[in-house]
Amino acid sequence: MAISRVWRNRLSFMAIMILVAMVLSLMSYALLWKAGNLTDVPNLRIGFYNFCLWKEDIGSLECYNFPELGVLGIPQVGLALARLGVYGALVLAVFVPLPLLLAQCNSDEGEWRLAVGFLGASSVLLAGGLSLFLFLVWKWLRLSFLGPGFLSLCLAQALLIILLMAMVMFPPRDKKDKNHWENC
């Protein structure tokens, strides 16, 4: 039994919206709920806003700020660019659902391209920011130290790539119907 073209368009649109919701929830979990911490173990906490190392002298974590991070070899500009990339990706991803809904309701290719542009920029920013941050702090990290925040950002990046491919393969439907509001 063949699925009609209308249902196929609606199913692909719903799948795309579900993927967008998953990306937003994964990025919100990692960057807001986990406060950007990629490693949060008892003797080490490293994230976009936390850099705490275990001090044997005092027997607890000692957190460092920008002046001390420069002494440790982490440039202030590099850390700021990594933060901008990762948190900017979340901000751009938040703006994706509205153009998608408008493109679906109005059958407008321009709004669809705007959503694809937001997703593409979000994907590039997330990959660049996360890579830069890992490059800057890798001498204190091990692969086994990376926690759920890191895993959710990696999964969000993979879903962003899948989402971009899906949006290119399933563009908005043709302008055949006159009453657009009933199709939303």
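A Cβ is built for glycine as well, from the same backbone N, Cα and C atoms used for every other residue.
Taken from Swiss-Prot, the feature topological domain 'Cytoplasmic' applies to 1-12 (among others), supported by sequence analysis. In this model, the topological domain 'Cytoplasmic' (1-12) carries an average pLDDT of 69.
The transmembrane segment annotation in Swiss-Prot covers 13-33 (among others) and is backed by sequence analysis.
Sequence annotations record features per position, and here Swiss-Prot assigns topological domain 'Extracellular' to 34-83 (among others).
Sequence annotations record features per position, and here Swiss-Prot assigns N-linked glycosylation site to N37 based on sequence analysis. The Cβ neighbour count for N37 (N-linked glycosylation site), using a 10 Å radius over every protein chain in view, is 20.
For 84-104 (among others), the entry in Swiss-Prot reads transmembrane segment. If one looks beyond the transmembrane segment (84-104) by at least 6 residues along the same chain, the residues whose Cβ comes under 8 Å of a Cβ in the stretch are 13, 16-17, 20-21, 23-24, 27-28, 31, 36, 48, 110-112, 114-115, 118-119, 121-123, 125-126, 128-130, 132-133, 153, 160, 172-173, 183-184.
Taken from Swiss-Prot, the feature topological domain 'Cytoplasmic' covers 105-117 (among others).
The transmembrane segment feature in Swiss-Prot is assigned to 118-138 (among others).
The topological domain 'Extracellular' annotation in Swiss-Prot covers 139-149 (among others). Beyond the topological domain 'Extracellular' (139-149), the same-chain residues lying 6 or more positions past its ends with a Cβ under 8 Å from any Cβ of the stretch are 29-31, 34, 36-41, 44, 46-47, 53, 73.
Distant neighbours of the transmembrane segment (150-170): 9, 12-13, 15-16, 19-20, 22-23, 26-27, 29-31, 34, 38-39, 86, 93, 112, 115-116, 119-120, 122-123, 126-127, 130; these residues of the same chain sit at least 6 beyond its ends, with a Cβ under 8 Å from one of its Cβ atoms. Taken from Swiss-Prot, the feature transmembrane segment covers 150-170 (among others), and the record attributes it to sequence analysis.
Annotation source Swiss-Prot lists topological domain 'Cytoplasmic' at 171-184 (among others).
N37 (N-linked glycosylation site) falls within a strand when secondary structure is assigned with DSSP. With a threshold of 8 Å between CB atoms, the same-chain residues lying at least 6 positions outside the transmembrane segment (13-33) that come near it are 48, 86-87, 89-90, 93-94, 96-97, 100, 104, 126, 148-150, 152-153, 155-156, 159-160, 162-163, 166-167, 170.
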